Structure formats: structure tokens, C-alpha cells
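Report on one structure; see the data block that follows.
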């Protein structure tokens, strides 16, 4: 459920969002941290003085020394390095998985070149292959996505949706292999291609080059699902996530004592003022815990979190688009070619396309060749002298090279 914030033009709009925000991600951990922080503060300011009445504040002084020691030790935890490397690995993995989500637009467009006819058989074959492509996506994604699994908990639900017929369900369930069967509809699509080649005459057969390209695209289509399976199977090593979690939460566990405001009367270094509210520690908490939670949220992008991929929408969009291409677009009449407005500019420079009042107010920034040096205030004779001198320098270097040999 990826959250869109591209229209948030100001900081107020950016930080006022709740869904998918740092506030929603960190509020519970921040609440627990502040509760423990003020519990330690009450223990230092209220409880310990009862034990120090007859011993010259012995226990408070010990607490203060421990707090100063913790404040020194937490500076030695390389939290920025650990989180930076961890989250960068997770974000790269997250975006790569999105790139492996299939879009059938290209392959169904090529399919229309293989079956260009408007007869019933050609239309039926195009339609069947387009349905098999989307059926494969539904079968594969339901094994790795919580959204698709909730939508199609059983094969019966896929049959009820219309992506699979009852006859196809019988053939699908009759297969001996019970492990991975999502590739079966793609095999059915290949058989339709073979039947098309066998049924057509020698002159009406699809071009072998088109068939080769289509099969190559079909292979890439199948490979995308296999790679998504691999990412779902092989996660980031557990010890890596444990190290990042231990460093992050351990850092702020030490902060519970190390960031306490000590008695200002004792003039400890960096503890001269009691702010009551640890503002800088709260900001740092949001930075690091939010950073770590980003990695946690993006680790499994096929779930139901705010920033997970909308596979339900993508599946619906792919079904509508693929059927529109193979049915309505392919059977619709092609517009007649006419001489358009640019036809008269074949031997002339084509003028800019008209602007609206809004677009005309925008500033244009045409690209520039930064390595190009324009020669100004030079006549032709001076330029020829420059070229002659350059040739002379070249000759001198060639002569020196010959002498060294």
C-alpha cells in the first residue's frame, strides 16, 4: 500500500501525514522509551535521596558516575555505519523486487502480431493466452503475497473469478507435482502458439523472428516470477538483522541512564542544565529508530504494510489492459492516413507545438554542451594561425619520439 506524498509541497503537509509516516512507525517505541526514561528520572530524583539521608548522597553519586560512564560508552557504538549499510541493502532489495513484478503490456502487444486475424479462432487464441498470462500471475503471487492469498485462498476462488475454467482446474489439479504449478498456464500458452503454427499454411504462418521474440519475452515473464520466489525464499541473513536491532535498541537502552539530566549543582561536564524533557535524545530516537524501522518495513514488500506493493491493483490493472489490447484495440479499425499539419514542413524547420497560457509561463532550460567552447572575437585568419601552431606542436612531439627510438 505505497503511500504517495509527491504533492506535499511544504514541510507542514509532509510531516502532517500519518499513514506510512515516521510518527505511526515510531510512536509506540517512543512512548515506551519516554516512560522508562522518566521512571529512571524519578528513581534518581525521588527514590535515591531516601537511601542517602545518612550517607552523604552515596547512592546518587554512584548513579551519576554510572550515567556519565554510559554517556561515554554509547559514543563508541557505530550506529550510523551499521544502520546505513543495513538499510541501503534492504532498499536495494526492495526496489529490485518491484522491478520483477510483471506487466504483460509488451508481450500481449507482440501477441497481436502473431495472431493478427479478426476471425473467431484468432480472437479466441489471443484472448486465451492473455488470460493465461494473468492466471500465472495470480497463481504465483498467491504463494508469496498476503494480499493475493487473502483474495484467492483456494483454486476454487480463482475459478470463481473467471481466470480459470472448471476444465482447466481439473487438468491443473490432476498434475502429480504438488509443489510448484504456477508455470502450467504458460505451458498451455506455448501449446497454443504451436497449434497456430501447425494450422496455418506455409504462407500464412507467423514469422519465425516474431515467434522467437515472443518466446524470449515469455521466458523473461516466467523468470520474473522465479526471481520473486527466490527473494521470498532467501531473506537477509538473520544475524545481520539481529546485529542492527541489537545496536539500535541497545544504544537507547544505555541512553536511559546516559542521557539523564544530573544535578546541575554538581557542575558535571555537559550536565550543567536540567531541561527536564530530553529534546535532543527524542530527535535522535526518531532518527535512528525510524531508520531501522524503514529497513524492517521494506524487508517484506509483498505483505499488507503501508509501504508494501499493491499487487491487487497491479493484477486488476494487468487483466483490464491485456484484454483491452487483444480484444478491443486489435479488432478496432485503424485510422486512415492523411496529410497532417506537419506534412507541409518536410523541407522546412518544424515550428514548436502550440502552448497553453499556463505552459507558456514556464521557463525552458534547453540542454547545453558543456564541453563545447565557442570562439568569440576571432576572425578566420586567426583561427587558421591557431590550427597551424597546433600542427607545429604535433610535429615537434613526433620528432622527439623518433629521436628517443
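Every residue gets a Cβ built from N, Cα and C, even glycine.
Checked against TrEMBL, the range among 176-201, 202-227, 228-253 recorded as transmembrane segment is 228-253. Ranges compared are 113-132, 133-152, 153-172, 273-292, and TrEMBL records transmembrane segment for 273-292. Listed ranges 1-20, 21-40; the one TrEMBL annotates as transmembrane segment is 21-40. The transmembrane segment annotation in TrEMBL falls on one of the ranges 54-72, 73-91, namely 73-91.
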